[in-house]
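Notes for the one structure printed next.
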Amino acid sequence: MLPARCARLLTPHLLLVLVQLSPARGHRTTGPRFLISDRDPQCNLHCSRTQPKPICASDGRSYESMCEYQRAKCRDPTLGVVHRGRCKDAGQSKCRLERAQALEQAKKPQEAVFVPECGEDGSFTQVQCHTYTGYCWCVTPDGKPISGSSVQNKTPVCSGSVTDKPLSQGNSGRKDDGSKPTPTMETQPVFDGDEITAPTLWIKHLVIKDSKLNNTNIRNSEKVYSCDQERQSALEEAQQNPREGIVIPECAPGGLYKPVQCHQSTGYCWCVLVDTGRPLPGTSTRYVMPSCESDARAKTTEADDPFKDRELPGCPEGKKMEFITSLLDALTTDMVQAINSAAPTGGGRFSEPDPSHTLEERVVHWYFSQLDSNSSNDINKREMKPFKRYVKKKAKPKKCARRFTDYCDLNKDKVISLPELKGCLGVSKEGRLV
């Protein structure tokens, strides 16, 4: 299982947490493979004559032999070995087992492992966070991330009851075992029937603030507000919603942000661009002040961005940024879920990411590799079909999804290159949504 939401990585070593962001070619996990797994001969191994050598697996069960473990793993590819021998506590919960396994992995040098948080009863807490990436997200009772719930530099609001209205994303509105309700992501405020989910604190704050100023019109969320304005907005929001753990920006003279920002209730701190407040990927720390540049600013490359003023056909005015933000957030959550679903002891490893890449760039590289099934370095017409379905399902407003692939195809050659995908998703070298 795995995470998503709060701040981000610092050193190249810590970047290894995103080793799994971009699956190695030739190691793709597909739905059909799981569907036919029961017909695999390994799934029906006869283990009665094998020598008993107990194995404790990640599902909390003790398997009497490697044969029995392989048979179970055939049916559940995410299954991993915790240790040789029987599980010490046969009644230990899945969360506690995964936590123990992760803590063991974390002892290895250069490993930035996600360690799940468990409740007193051994169940997964509704909110899970990754210390090094700074992402937090909502999970189901069995620890699976809820699509679209990942956020950064803020704790997500996860409801503990099943909503009457089924959610459009995944199965997050369904009971898992008939006894525990599946938590859902509360995305408030909701405007014009569209959920607003954003991967960054500043986008969400701008949308919330604009909605309060004008209930019928959301202003252009690309506008950058001064730190003083953001601070005042956050203070007002915190006063109205004291239990939501709002981040209150710390300001410097002239409307700038202080280079270090912290979230008091979680203990996380991170570096920001002093002119926009944008968190810098890779700088998140907990209970320790990060070392930040005193005058890091956004680079003015917008004039060279061909997508900046490019019209997205059919998308309501002022909604393009909101649409792209929600799409990138969904991709980030799904990437994290892909990392979680990879068996720790499995043979397939994800390729190591470029240390110079921002998190947003890694998300785009990861998704591009998923789509580029023939490794041609572009997304052709056939490969574009799942992309279209994904955009239509995950991103909002829906009207913006209809012509999005045409919008991405900048040179109109009927294929989408990696630079084009980066551009239409608003990901610059600095990792900002441009």
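Numbers here mean position along the shown chain, with the first residue as 1.
Here the Cβ of each residue, glycine as well, is placed from N, Cα and C on the backbone.
Look at Swiss-Prot and you will find D372, N374, S376, D378, E383 tagged as Ca(2+) 1 binding site. Residue environment of S376 (Ca(2+) 1 binding site) contains 10 other Cβ atoms, counted within 10 Å of its Cβ in all protein chains. In three-state terms derived from DSSP, S376 (Ca(2+) 1 binding site) belongs to neither a helical nor a strand segment and is classed as coil.
Neighbour list (D409 (Ca(2+) 2 binding site), Cβ cut-off 8 Å, at least 6 residues apart, same chain): V415, I416, E420. Look at D409 (Ca(2+) 2 binding site): DSSP puts it in coil. Feature annotation from Swiss-Prot assigns Ca(2+) 2 binding site to D409, N411, D413, E420; the stated evidence is sequence analysis.
Among the features that Swiss-Prot reports, compositional bias 'Polar residues' is placed at 149-172.
Residues annotated as disulfide bond in Swiss-Prot: C43-C74 (among others).
The annotation disulfide bond is assigned in Swiss-Prot to C47-C67 (among others) on the grounds of sequence analysis. Classification of C67 (disulfide bond) by DSSP places it within a helix.
The Cβ of C87 (disulfide bond) lies under 8 Å from the Cβ of C56, A57, G60, R61, S62, L97, each of which sits 6+ residues away along the same chain. Positions annotated as disulfide bond by Swiss-Prot, on the basis of sequence analysis: C56-C87 (among others).
Residues or ranges marked as disulfide bond by Swiss-Prot: C95-C118 (among others). The DSSP secondary structure for C118 (disulfide bond) is strand.
Annotation comment: Swiss-Prot describes C129-C136 (among others) as disulfide bond, evidence class similarity to another entry. In the three-state DSSP assignment, the secondary structure recorded for C129 (disulfide bond) is strand. In this view, C129 (disulfide bond) is surrounded by 24 other Cβ atoms within 10 Å of its Cβ, with every protein chain counted.
Positions annotated as disulfide bond by Swiss-Prot, on the basis of similarity to another entry: C138-C158 (among others). Of all Cβ atoms in the protein chains displayed, 22 besides its own lie within 10 Å of the Cβ of C158 (disulfide bond).
Positions annotated as disulfide bond by Swiss-Prot, on the basis of similarity to another entry: C227-C251 (among others). The Cβ of C227 (disulfide bond) lies under 8 Å from the Cβ of P249, E250, C251, A252, G255, L256, Y257, K258, G277, each on the same chain and at least six residues away in sequence.
Sequence annotations record features per position, and here Swiss-Prot assigns disulfide bond to C262-C269 (among others) based on similarity to another entry. Taking a C-beta cut-off of under 8 Å and a sequence gap of six or more, C262 (disulfide bond) has these contacts in its own chain: E250, Y268, C269, W270. Classification of C262 (disulfide bond) by DSSP places it within a strand.
Around C292 (disulfide bond), the same-chain residues at least 6 positions away in sequence with a Cβ under 8 Å from its Cβ are P259, V260, C271, V272, L280, T283. C292 (disulfide bond) carries neither a helix nor a strand DSSP state and counts as coil. The feature disulfide bond is assigned by Swiss-Prot to C271-C292 (among others), with similarity to another entry given as support.
The domain 'Thyroglobulin type-1 1' annotation in Swiss-Prot covers 92-158.
The annotation domain 'Thyroglobulin type-1 2' is assigned in Swiss-Prot to 224-292.
Annotated domain 'EF-hand 2' per Swiss-Prot: 396-431, in sequence order. Away from its own ends, the domain 'EF-hand 2' (396-431) comes close to residues 192, 194-196, 281, 298-299, 301, 305-307, 310, 312-316, 319-328, 331, 358-361, 363-365, 367-368, 377-381, 384, 387-388 of its chain (Cβ-Cβ under 8 Å, at least six residues beyond either end).
The region 'Disordered' annotation in Swiss-Prot covers 149-191.
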Rounded to the nearest Å - Cα separation of C47 (disulfide bond) and N374 (Ca(2+) 1 binding site): 39
Three-state composition of the domain 'EF-hand 2' (396-431), taking helix and strand from DSSP: 16 helix, 3 strand, 17 coil
Between E383 (Ca(2+) 1 binding site) and C129 (disulfide bond), the C-alpha gap once rounded to whole angstrom: 33
Check: same-chain CB within 8 A of Ca(2+) 1 site center, minus D372, N374, S376, D378, E383: L371, S373, S375, N377, I379, N380, V415
